[in-house]
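Trainee: I have a structure I would like to understand better, so I am pasting it below and will then ask my questions one at a time.
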């Protein structure tokens, strides 16, 4: 299936821009990219990405079919139409200062292939017939550049596979069962794995981020019904107001619960998921959240810039990925302000960054800084 590619000049951003943000008003060109899925083994899948256009493209790998991390690249349904549980990671990437190594260069008419084993991130031990498909959006930079100037939406073909369950079960899962140290409920909120906190500074930063996440989420829940223009900017359709409000309330509860939360939060990476560029990640199948070193070194506790990344809203973002907070848990359908606000209402209400960006809006930031300047 073909993909619509959007390109724009570098200086044409009409709103605060992040590394993954897609400029507003971007002109839509002809279909230029093709994504095809094929089976190359029992549970092995090959994605073939072809540039059908006449200009070279630099494609960002993060949160796409080309991501080298064990992220959700395809949706998988069994023969009876049930979705197969995803057991991989949902990372939050740093959106600024993107490196050339984060991109794949695709010359005109060029093709790149990316293979992955779906048994590493899904339980396929029952075996049988499955249907796979992939869809998403690839941020694009100009040739030899790293500043995002456009995006390509993609919808792959449907791939039908018959999988041997015993062989699939023999594939090592990308993440085993998380081993925790002693757990402590700081102010009776989400459990913090104390053994993962290498120093007191990390624990203090995480505790402060959870406090800010609770406050921002609580204020956002109120803003959903009090500021309809702001709500519509991010979530598009009034019919989802109650869903959005209840999710913010659930995140606020999880961040500062008086009855005990359902997630475990780790100050540091104990599962090996902190690859380059990852700020934090969640294992939704286990309700576990992990911070990475650059969460502490590269993010402020709370940004005074609207729609910028910080520790508080990164933590809020991660908590929306956990089914113990609210089901169905949020996906990564659109990253950054421009991509998030371009989603359909159905996609936005299930998009983690839509909640983080809404909470990080100017009104909430000013209010939080006034009531909690420290």
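Any Cβ shown, glycine's included, is placed from N, Cα and C.
According to Swiss-Prot, the record shows the following:
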ACT_SITE  318  active site
BINDING   317, 321, 332  Zn(2+) binding site
DISULFID  197-267  disulfide bond
DISULFID  274-292  disulfide bond
SIGNAL    1-19  signal peptide
Trainee: Just to be sure I understand the packing, how many Cβ atoms besides its own are within 10 Å of the Cβ of residue 274 (disulfide bond)?
Mentor: 22
Trainee: Which of 317, 321 (the binding-site residues) has the most other Cβ atoms within 10 Å?
Mentor: 317
Trainee: Rounded to the nearest Å, what's the C-alpha distance separating residue 197 (disulfide bond) and residue 274 (disulfide bond)? Just drop the number here, would you?
Mentor: 15
Trainee: Same-chain residues six or more away whose CB lies under 8 A from the CB of the residue listed as 'active site'?
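Mentor: The answer is 90, 92, 280, 281, 282, 289, 352.
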Trainee: If one measures from the C-alpha of residue 267 (disulfide bond) to the C-alpha of residue 317 (Zn(2+) binding site), what distance in angstrom results, rounded to a whole number?
Mentor: 16
Trainee: What does the structure give for the C-alpha distance between residue 292 (disulfide bond) and residue 317 (Zn(2+) binding site)? Integer Å is fine.
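Mentor: Residue 292 (disulfide bond) and residue 317 (Zn(2+) binding site) have their Cα atoms 14 Å apart.
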Trainee: Expressed to the nearest Å, what is the distance separating residue 332 (Zn(2+) binding site) and residue 274 (disulfide bond) at their Cα atoms?
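Mentor: Here the two Cα atoms are 17 Å apart.
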Trainee: Whole-number Å only: compute the distance from the Cα of residue 317 (Zn(2+) binding site) to the Cα of residue 274 (disulfide bond).
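Mentor: It is 17 Å, counting Cα to Cα.
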